[in-house]
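Enquirer: Here Swiss-Prot flags 550-560 as compositional bias 'Acidic residues'. What Swiss-Prot records for 133-245 is domain 'Cadherin 2'. Swiss-Prot lists 359-472 with the feature domain 'Cadherin 4', giving sequence analysis as the kind of evidence. Summarising the annotation, Swiss-Prot assigns domain 'Cadherin 5' to 473-669 and lists sequence analysis as the type of evidence. Under the heading domain 'Cadherin 6', Swiss-Prot lists 670-774, citing sequence analysis as support. Per Swiss-Prot, domain 'Cadherin 7' is recorded for 775-878, and the stated evidence type is sequence analysis. Summarising the annotation, Swiss-Prot assigns domain 'Cadherin 8' to 879-998 and lists sequence analysis as the type of evidence. Annotation source Swiss-Prot lists domain 'Cadherin 9' at 999-1103. As annotated by Swiss-Prot, domain 'Cadherin 10' applies to 1104-1211, with the evidence given as sequence analysis. If you look up Swiss-Prot, you'll see 1212-1318 marked as domain 'Cadherin 11'. Annotation source Swiss-Prot lists domain 'Cadherin 12' at 1319-1431. Annotated domain 'Cadherin 13' per Swiss-Prot: 1432-1553, in sequence order, evidence recorded as sequence analysis. Look at Swiss-Prot and you will find 1554-1677 tagged as domain 'Cadherin 14', backed by sequence analysis. Summarising the annotation, Swiss-Prot assigns region 'Disordered' to 535-560, 1887-1916. If you look up Swiss-Prot, you'll see 18-1775 marked as topological domain 'Extracellular'. Sequence annotations record features per position, and here Swiss-Prot assigns topological domain 'Cytoplasmic' to 1797-1975.
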Amino acid sequence: MKLPLGLLMICLGLTLAKGETNLPPVFTQTLNNIILYENVTVGTVVFRLEAYDPEGSPVTYGAIGADHFSVDPVSGNITLIKPLDREEKDTLKFLVSIRDRVDPEGESERDNVVEVPITFIILDLNDNPPEFQNTPYEADVNEDAAVGTTIFDKITVKDRDIVGESLDLKCLPQQQSPEACRKFRLHIIKRDATILEAAVVLNDTLNYNQRMVYHFQIEATDGPHKTQTTFEARVKDVQDKPPVFQGSLSTVIDEDSPINTLVLTVHARDGDTGEPRKIVYDLRTNPNDYFLLDAQTGELRTAKPLDREALEDSTGIISLVIRARELVNGVPSDDPLTSATAKATVTIRDVNDSPPVFNHKEYSVSLLENTLPGTPLALDMSVSDADVGINSKFALRLDDVSGVFDVEPKLVTGYSQVNIRVANGTLDYENPNQRKFIVLVVAEETDTNPRLSSTATITVSVLDANDNKPVFEQESYSASVSEAALPGQYIATITARDVDSGSYGDSGIRYSLSGTGAELFHVNEQTGVISLANCHDNGESNRRERRDLNEDEHVEEDDGEGHLEMLSMEAATREIGTEPTVQYTLITQAPEEQASSVPLPAPVPHAAPSGVPAATANDDKAPQTCLDYESETTYFLSYKATDDNGRGSASVVSLRISVTDANDSPPVCESPLYRASVDEGAVVFDSPLIVKARDADTMSRISYRIRGSEQVESIFDIDRETGQIIIRPNATLDVTNLNSDQLIFAVEANDGLFTAHCGVNITVRDVNNHVPNFEQQSYSAVVEENSEIGTSVERVHATDLDTGKNAELRYRIQQGSFDDFGIVETTGEVFVSRKLDFDRRNTYQLQIQASDQGTPSLTGTATLTINVQNSNDKDPYFVPATQHAEVRADAPPGQLVYTLIALDPDVANHNALEFAGTDDITAIDKEGKELPHYDQFKEYFKISRNGKVSVNKQLDRNLFAVMRINVLVTDSTAPNVQQGRGLLIIQIIDVNKNPPRFNAPWSVEQPQIKLQMVEEQPVGTVLTTLQANDEDSSIGEFNISDNDYFAINQTSGMIYTIARLDYEVVKEVKFQVTVSDTGVPALTATADVVVDIINLNDNDPKFSQSDYYFNVTENSPRGTVAGKVEAHDGDVGVFGEITYTLIGENNKYFSIDAYTGNVMVANSSILDREQIKELTLSVVAQDKAPAAVQKSATATIHINILDVNDNAPVFTRDVYNSTVAENAAYQPPAALLQVQAIDQDEGLYGDVRYIITAGNEMGLFKLDAQSGIVYPAQSLSGKHGAYELTISARDTQGSGTMESTTKAIITVLRVNRHKPEFVIPALSNATIEIPGDIVQPDYLLLTVRAMDNDTEENGKVSYHLQVNNRNEQQTGEFKIDEVTGELRAKTQLNRKNRANYDIILVARDAGNPPFESLRLLSVSIVDANENRPEFPDASNPYKVSINENSGRDVKIGHIQAASRSKHNRDIFYYMLLGNEDGAFYVDKLTGDIYTNKSLDREETDVYTLYILASIKADLHISEEERASFSIKTLNRDNTVAKVAITVLDVNDNPPVFEKPIYYAGVNANAKMGAAITLVNATDADQGKNAKIEFMIVASNLYKFGATKSTGSIVPSPFAISQDGRISANTIMAEYNQDRFELEIVARELEQPQSSASTKVNIWVFDGTQLVRVILSRPPEEVYQEQEEIIAELRNATQHRIIVDEIRFHLDSIGRIRMDWCDLYFHAVDPQTQQIAPVDEILKDIDRNYDYLKDYYAGFAIENVVPAYIAIVQDEFDLAVAGLVALVIVLFVGVISFIVLCCCLKHWNLSVPVETRRKEALIKKQIIEDLNTTENPLWIEQKLKLYEEQELTMQVFSEPDHISNSEAPGHLDHRSSLEQVHHVGQTVDNTYATIQPRNNQNRLTGGGGAGGGSMRSGGGASAGGVGGAGLLLARVDPHMNEFADYATLRNNRAPSLYEFTGSTFQAPIRDGDDAVAELI
């Protein structure tokens, strides 16, 4: 640098010295070592040259040799023009020049040029990924290599960058070897930023048999960059597998087998199959040293005698551990890799050497004398035999001379509990000989020789029992008493006798009464004296009388001073919509006034008198008695006598007590309030208004008078005798003159002693006779477009001259609002209801209607015109908001790029919108990176005010590839600024020139790439990675041609496998790879890739079958071929050649040809089927590959030994025993036992069938002949005892000669049906609290009690504690008495040690099987000083009951809490929960519970109250506190009592029928007893009060066509059952076509025997009057939707539809379709009440097709057809027929001869027209089995099935005068059937209807055109198009039954009958008497 500067100074000096020399320009900067990073982007200014000229002339800059840079000659900016790469060159040097201008004219040779070198140093960045060297990586490793062994150390990774993080490696597992990275690890040997060396180290043990090859990915990373390669580790096999046992290691040997008996032979082989070693054996365990094992052969033999009973395992199984060891150098090895153990099991087959043994020798038991037969004795007896199998089978019997007892089971195998039962006879304690029995039980073996046995003794003691009931002298008793009788009045004495003694006899009898009203009477329980009970409470000083006068609405109270206070409540409920008004009047009367004055409340406007009338007596001195004749005249009671002091047996007789009458009843209004309505101006009521009162006393006469205002009495009058209210003749009813439209007053009813007041409410109806009138007929208004919702627009008003509701007006908008305006209904104010839009609608014409509330309602209308004023209120907006444009990179400035689009609904001219761009502009380079904001970006494009976007400056795609400009649109006409924003995206399109190129060895001239790959590589193995480059753009993607084996990563170019490569399938794979760049347009290059596949021995031999089954007959000679096995190896060459060998335990009996695979008999001695039925061999197929890679396969050969028939069936047991409960199911039947007989033969000869030959005389059992399972044939309930059946077994499916028999003993036991139910404690989680800090031992905590509804032993309950799932009598702290249930403390319980215990109580019955119930009990020990009151048994709820309708203040129960305080403090009671409706209240001081209102059981039948006991006298419980209470917490709280109140039923509801009227039909052919219909009535009461009976009270007959009844038929032709089923009570044929109207009454069985009535209309029909609906749904679903189907058919036909039957559908071959059904109905004309014709109903259905078609899919209706169709079979005159036939023959003959002569000279050989017609009709196959219908209603989707037939058939026209052009209305579809038509003319009628033949033809007659006639429907028949075929069959004219559909199908009619396209119309002919079913 110093040298050039020196030279420059010398030159400068010389120049100055001359004085006129021009000095050169000078650089002002140092140009050496300028630093640049290699990632500087192209186009960046990297340096700025600066220089000056001493003379001040301008200078220009230049560069020499600068490949990467360009120099701006003016500014001196050095710009990068080519990407930098430090790895290619880290220093760039070139010359820069500076030139001054000596000549002002321009450049000249005299200009000074200075050239100076410049140096750029390129700094490195981490921009290159790591690179693996010397790939691919692979290694071999032995499977026994030690962990830590280095298996490969040649991994080298280099990084061209010198900066960045240190290189690192990572192992990535692959799908085919997920555990590879666990087996191997990467060890770093050397590492820095540029190079890394590593090794692969074994990290876990290997196993060749588990995996032979491992693949994993090695990933190298330098931080941001990653590179991957594949590593393959191949595992080599070594000798490391222990021996493997083969064959079965289980066998059976007899217990008495001699020493040295062969037990089994052990086989094992070396687990390493390459070079297997020899195996030796030894025993590791040998229980009792029973066995010896041969070390060489593996034979296991007995070493000493065996004893099965000496074994610990009762099953007789001995487990041996056998070791197999490999011989290594002739010495057995002990290490785990060369030895193995296995467990062998030897089962010792038992021999008989042990007798049966009882668990005790002696037993004793007691039982009552009334013990029932079959009851088991309470014995713990069991018996067992230590032997097994038949050696353990023994029989039990009794040595019992009395014959009273029996033992079960009779036969036992091994072990059983023994039951001794009372078998027969009745035990009688009074017989001294029956007080004790001694019985001997004998157990003796049955199937052994000798038969071993043992005995046990049972002593049975009989106890006395109460076995006689008290006996009354009469079956029933009766008595009477006056209703005025006083308490204590004697009524009767009734006693009984009992023949038992002591308390079981007369002295122990106790008497009691029960039944409704029993509380009114008292019986002395010892003497039987019956008297009247005291039912009054006389304990209070002041008399408080609550006398029920008309449901307690009138109450009198005596205050103790002789004054009566009468509380009269008046309540009236007005019409719906008004509130009820109630008036209370309290009148105090002195005693002297009570007899004369009658209080009457003054009328209250709009209030009725008493809701329930009050009655007042003139004398209150009547005696107060308990009986009331008017309430109950007779009491039917049960009188019971119970012995044993009321605890024993009982007898009951009926007792009737009659009550005699007394005069004490006041008059009662039949209705508390009478209502009537009358029009103003009327002179009479529409219906007579009569007020009625009744008096229970028959001698009373009631008179009436009106009590009301003067106005009322001036208008109305009443008849004093009848109570009829009339309008006085001179009275005028005018609403305007009345204070109200309701006149309210009372009518007084008086019988001379009592008075009642009946309320009357008369409404005077206004007449609606004025229409509403608007003030204006037209209104107008203006509203702004931007008005808010709810803005008032206009108010309209109308008036009505009527009054009341007739003058109440309601406004509504009829039309014109378009939901933009609404109106206030009551005020008429119109308001904006939705946002207005002038552009959508600017004018509205609203029609407003005002209507009054009268009946009928009158209306008036007016018009409101609303004009909407527009406002500019909407912003302009771009459409779309983001808009896109493209422009080429070489587009010149000024070129139009895009025109922006925006809209504004408020402006009419688009020119009002102005566009502009914003400064918010962003750009993206061609790499996809967003660039920082530069101001010069806005210079490239220009946006005009009209939205035109154009190029403003030359574009540079290297600077940016995409530009995003935020644009703005403004409404220039808006009063305020209205703008819209959008986004314009402009993409710069590049121009591509150079295609990409693959790396070498690929070239354009030689585009082939050859590769190799070993077969059987896992999917995903990388083949190679192709690389490519492009000079002017980047690489876009790689693509591969379609092939089955390889795919390519489109980004990296990595080619990998997608399928398994098999050399045997494909040896070479060819495909093409295409690479494309990212330029526009994209350019590509293609490489042809050829992959050669390298062969491996990778296929195992495969047998053609995994199992082979061969048959060989017994005694086959040596060499007999049993079969052939075949295997195939998919490899090629020696790898695919196979040899065969046999292995296995039985291989010595057979041999195999090593090459052909033929399996032959080698030793026939084992071929004995009775010993061995099947032999199993293993065959091995091996290829001929070297041992290291040799492969094999194994298959199993099953050789079946064929048999001959030589064995009889043998039952597995001589006697089968089964015990079954009496409730065993028999529908479906439950299996009781299964007998089994084994026939050693096979096939048919071994197929056994079973039959019961004896013992089933009662038919209780049935036997499945094939399975041998015995089932109950009927219910076994009540049929206790043992049944012995003899069962026979016969082979050859029951037809053979071999037979054997056995016995089956079935014992039917009583059933233990019920589980015990806890009574105490009652709650499932009960808690008891024990006071005191310390509880002493034996302290009684609780007496547990449970009930079991079973009887005898099944109902006997014992009590236990559950500990660890076992029932115990005691725990560490508690004990329980098993019988009494007393739970006591076992030890001292100290609260300080433990305060709470949880116990599980168990109640268990003694049934078989026993049932038990569990209950959790918590015991809490509380402080004795706690003084809160508690209920003694809070866990057990109080239970009380009360009759419904009982009055208020009735005491129903009492609760009592106790305080633990030493001081007797007061306890107060508060209601907590359960009384939300206020039905009850509790006395705060006493705990008494009272009713607070009358109860109704039908509303609520059970109440549960929670009542708190507290010491606080003023406790207040808020509603929030009540809502927070938890039922679970209250149940555990001892301070809270739970009271369960049951409301008992009173017969206060009458029956109610489900329908007011029923409709039904009955066939005229119905027999007596035929079911017709069912009527249902229900009673809301309960129990016996809900029981009702049905009666037919009238059977009114309406003859056919009559409108009046001929009267009721007696006796009725119908009967009704007690479940409401109506049936025929006579033959119905005589009433054919008549109608009955039955009056049915449902009446209660209990008093007062309320009743209800209904009517049933029954039509007697003929079968031809039914219509059949076919539905593709089961009957049960159709029953559920029956009413909906009827409703739709009724709407369509306008007839009453009556369903007569629903039954299963029969398909085309006569099978029952359980999922389809047919519904039969008849239709009744509602005007004439007669059955409508079938064709009329079908016409109605046709006409309503559009209405019904929407319903048929939902109801699944497939077809609607007549149930029957009548066909006439006319008489046939043979003589006339013969004459007609002769004339026709002669006529046809003459005509034919003439025609023949005329046509001879015009002979033309062609196919006759008639032949073509017949083919058209006959050759077309008819589709028969279609679910179409004869109604066009159901054919909408089924036309195409007949399309071919419709388009091809020819139809004969009928009369000549009918043509295709005639209208459908000119054809009579029915009557045309009776016409006779000529045949001979044919027409083309595509949619013709084929009708049945004329009535002169027979179905069996000839076919063809001459056999009958057809008529043309002209395309206009009533039926429409398509439809199902109609098949008709002739039947016997005297029969009336269904046709056989199968016969119709098999004996088909000619083709003329096979198609119809119309609705079926039943022919109407005189004399029709033949019936056929329409299918």
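The backbone N, Cα and C atoms fix where each Cβ goes, and this holds for glycine too.
Show me how these features fit into the shown structure, please.
Expert: In terms of DSSP helix, strand and coil, the domain 'Cadherin 2' (133-245) has 4 helix, 62 strand, 47 coil.
Mean model confidence of the domain 'Cadherin 4' (359-472) amounts to 86 (pLDDT, 0 to 100 scale).
Broken down by DSSP into helix, strand and coil, the domain 'Cadherin 8' (879-998) contains 8 helix, 57 strand, 55 coil.
Break the domain 'Cadherin 10' (1104-1211) down by DSSP state and the numbers are 10 helix, 49 strand, 49 coil.
Counting residues of the domain 'Cadherin 13' (1432-1553) by DSSP class, helix then strand then coil, yields 12 helix, 45 strand, 65 coil.
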Enquirer: Find the member of 133-245, 359-472, 879-998, 999-1103, 1432-1553 that has more C-beta pairs under 8 Å to the domain 'Cadherin 11' (1212-1318) than any other listed stretch.
Expert: 359-472
Enquirer: Between the stretches 359-472, 999-1103, 1104-1211, 1319-1431, 1432-1553, which wins on the count of C-beta pairs under 8 angstroms to the domain 'Cadherin 2' (133-245)?
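Expert: Per the Cβ count, the answer is 999-1103.
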Enquirer: Pairs 6 or more apart in sequence, C-beta under 8 angstroms, 3 or more of them: is that satisfied by the domain 'Cadherin 4' (359-472) and the domain 'Cadherin 10' (1104-1211)?
Expert: no
